[in-house]
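Listed in Swiss-Prot for this protein:
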- 215: active site, proton acceptor (ACT_SITE)
- 90, 91, 92, 93, 94, 95, 96, 97, 98, 122: ATP binding site (BINDING)
- 2: N-myristoyl glycine (LIPID)
- 4: S-palmitoyl cysteine (LIPID)
- 73: phosphothreonine (MOD_RES)
- 167: phosphotyrosine (MOD_RES)
- 219: phosphoserine (MOD_RES)
- 250: phosphothreonine (MOD_RES)
- 255: phosphothreonine (MOD_RES)
- 263: phosphotyrosine (MOD_RES)
- 1-37: region 'Disordered' (REGION)
- 368-387: region 'Disordered' (REGION)
């Protein structure tokens, strides 16, 4: 797993769950109804749940009838991480630290460094920002929802005040680091479309399972060795509306710059809130800019506000494209991706597409990117696209 940083802060402060962005938190009006959240209880060192919705996820994923998680002891995880040594740490944040460790592939018992399976061990501070409820929520969802584009939760440890989670290790780290870290190798167009498609596939699966992710952002998108994206950090996930309800009203918690404007204003949460966040990340993939950039001035500090005028005119799309691409991308594909982002960022939630529709369009884009030969790579120059 890549950088694994988390905290909760008010608007204006920088924060990150697996990287760096600002967390927003606001309680709903007292008259608002809070949706119920089923969280796991404990029995004989394993997890049980009192109820779970009847879900019909896609065939690509799997809904387990009960979690299949390993209950680690604290001493086992101390051994696996070499006593949580500083040189084993791969991430740090307000929640605590993440360490690289090794366990047996079948036994899941601690093994020597370099042998067995590499894992990421997330160790929470007792006074950290990620509370017990968020910790349980993550176990609840990742313990039951299995999909190629969700980070796999292998197990947990709960001993007294000690709370740890054990995940599969993601060798390429977070998308945020690849896009924004100084000195990072530029991501080619084909890889960016692969990341967008695989992240959309994970989010689409969640929505089909009636789960609202609520924290879709570049730092929560982790990458495997082949740059397949997997969604991580499910502490803010929420069960979607059921029956004739159109939304869930809840405390406003999310990340500044990624959270949908109507959710921030009203606390009304729908799957279209996630769609907006996806549009922001897609815009980050296209532009190579973070959603909030304090190094910029004026409208350029907010990626969405700056980019929207260029997204609506295909002749100006090149103006928002990441210069690190060196112009090596298909103009038609860039315009198509920009159009997807524009639709996702619609201020009217009902006019945003479903993630299933986004996924279908991105699949076509990713397929065309795979087939793209060098003759289709064009260098975009301002003179050739002036209106």
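Cβ from N, Cα, C; glycine included.
Taking the features listed in Swiss-Prot, we show where each one sits on the structure.
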{"residue": "73", "record": "phosphothreonine", "DSSP class": "coil"}
{"residue": "90", "record": "ATP binding site", "DSSP class": "strand"}
{"residue": "96", "record": "ATP binding site", "DSSP class": "strand"}
{"residue": "167", "record": "phosphotyrosine", "DSSP class": "strand"}
{"residue": "215", "record": "active site, proton acceptor", "DSSP class": "coil"}
{"residue": "255", "record": "phosphothreonine", "DSSP class": "strand"}
{"residue": "263", "record": "phosphotyrosine", "DSSP class": "helix"}
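In space, 215 is the closest of the recorded positions 90, 92, 215, 219, 263 to residue 255 (phosphothreonine), judged by Cα positions. On the backbone, the CA of the residue listed as 'active site, proton acceptor' and the CA of residue 263 (phosphotyrosine) stand 12 Å apart. When the Cα atoms are compared, residue 90 (ATP binding site) and residue 263 (phosphotyrosine) turn out to be 33 Å apart. Geometry remark: the residue listed as 'phosphoserine' versus residue 96 (ATP binding site), CA distance 16 Å. Taking each Cβ in turn and tallying the other Cβ atoms within 10 Å, the top scorer among the recorded positions 92, 215 is 215. The number of other Cβ atoms within 10 Å of the Cβ belonging to residue 219 (phosphoserine), over all protein chains shown, comes to 32. In this structure, the binding-site residues under consideration are 90, 98, and the one with the smallest number of other Cβ atoms within 10 Å of its Cβ is 90. Across the fold, the C-alpha of residue 250 (phosphothreonine) and the C-alpha of residue 263 (phosphotyrosine) stand 9 Å from each other.
When each of the modified residues 73, 250, 255 is scored by how many other Cβ atoms sit within 10 Å of its Cβ, 73 comes out lowest. Nearest in space to residue 92 (ATP binding site), taking C-alpha to C-alpha distance over the modified residues 73, 167, 263, is 167. Here the candidates are the recorded positions 73, 96, 98, and by Cα distance the one nearest residue 263 (phosphotyrosine) turns out to be 96.
Residue 263 (phosphotyrosine) counts 25 other C-beta atoms within 10 Å of its own C-beta, drawing on all protein chains shown. Note: the Cα of residue 96 (ATP binding site) and the Cα of residue 167 (phosphotyrosine) are spaced 15 Å from each other.
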